[in-house]
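Asks: Quick paste of what Swiss-Prot says about this protein:
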type     : residues   : note
ACT_SITE : K40        : active site, proton acceptor
ACT_SITE : Y263       : active site, proton acceptor
BINDING  : R136, M310 : substrate binding site
MOD_RES  : K40        : N6-(pyridoxal phosphate)lysine
Amino acid sequence: MISSFHRPTVARVNLQAIKENVASVQKHIPLGVKTYAVVKADAYGHGAVQVSKALLPQVDGYCVSNLDEALQLRQAGIDKEILILGVLLPNELKLAITRQVTVTVASLEWLAMAKQEWPDLKGLKVHIKIDSGMGRIGLRSVTEVDNLIAGLKSMGADVEGIFTHFATADEADDTKFNQQLQFFKKLIAGLEDKPRLVHASNSATSIWHSDTIFNAVRLGIVSYGLNPSGSDLSLPFPLQEALSLESSLVHVKMISAGDTVGYGATYTAKKSEYVGTVPIGYADGWTRNMQGFSVLVDGQFCEIIGRVSMDQLTIRLSKAYPLGTKVTLIGSNQQKNISTTDIANYRNTINYEVLCLLSDRIPRIY
């Protein structure tokens, strides 16, 4: 999907806010802890290359989801460590070794496949993934991990790190969190050959469980100024939301009582009113179910009426505003604000998803 530069819909990304958010977390966690910036999914929709370059002086490395995301950073000149958090199958290892990308290994089956596909792992840096209770990828026993580490080292790999991921670090009830933490600690303590880096802290753990940090953290959503819990838990320090989303009115008209708006005729005017059309829709990540939510025009909340279309939405206006009038979908407009979390709550989802759904059809302005 190409970016649409010839329409007024844009996302503005404040890189300075991202840098300050990361600095706030770094002040909150123990000294000497390594920081990895999580820039997967195009830095949660903010632009992985631009964010990575902005954070280059502040962080020790980056986390991505897959090899393609890692290669994008390498091609952009990012030379610090890049860890792939997902599983890279052994047939892609040559490229990972050549471009000095650190991979996650999560099973003995992977090791067996590597012996067949690419038995010489010299130059490969590895982090071992532990499933402490998330139920996704990872090993579950000390014996498995010991065997995996020994096998990887025998093939020439540098087993630099070991890590896990918490399922409920952003919830008030820490029962599950503590179960996972104790599982991970016990496993680490039982290893014959412990890797140099041990990390379990995502954004939520770094904020609300900073006393449980090992020697590295992975900062994702908090870097972009959002509360990992949505609004369930209070933040110990302020954050700046880094992305705003805006457009403009491209059509304004008066409709009469009884007129309908949008697909399915789901909105019927009860009286004569002004309506405005805004060029953003579900193809941009502004989902179809946003009817009834509001955007900001001239410091006023204006309701979205009718279903959101692929490329457009329609709002009720208090008067006939001129074409080109600014419309704020995320961010501030004359002392009023719409946050990403507000949108997530309306959609019954999480703020992460709202950002990640913003398509690359929307240009990012830095």
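Every residue, even glycine, has its Cβ placed from backbone N, Cα and C.
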Asks: Let's check the environment of Y263 (active site, proton acceptor): how many other CB atoms sit within 10 Å of its CB?
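Replies: A 10 Å sphere around the Cβ of Y263 (active site, proton acceptor) contains 11 other Cβ atoms.
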Asks: Which has the fewest other CB atoms in a 10 Å radius around its CB: K40, R136, the listed recorded positions?
Replies: R136
Asks: By a simple count, how many Cβ atoms lie within 10 Å of the Cβ of M310 (substrate binding site), its own Cβ left out?
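Replies: Taking all protein chains shown, M310 (substrate binding site) has 10 Cβ neighbours within 10 Å.
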Asks: Using the alpha carbons only, what distance in Å do you get between M310 (substrate binding site) and Y263 (active site, proton acceptor) once rounded?
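Replies: Cα-Cα distance, M310 (substrate binding site) to Y263 (active site, proton acceptor): 11 Å.
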Asks: When DSSP states are folded down to helix, strand and coil, where does M310 (substrate binding site) land?
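Replies: Where M310 (substrate binding site) sits, the three-state DSSP reduction gives coil.
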Asks: Taking just the CA atoms, what is the gap between Y263 (active site, proton acceptor) and K40 (active site, proton acceptor) in Å?
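Replies: About 35 Å separates the two Cα atoms.
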Asks: Expressed to the nearest Å, what is the distance separating K40 (active site, proton acceptor) and R136 (substrate binding site) at their Cα atoms?
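Replies: That separation, Cα to Cα, works out to 18 Å.
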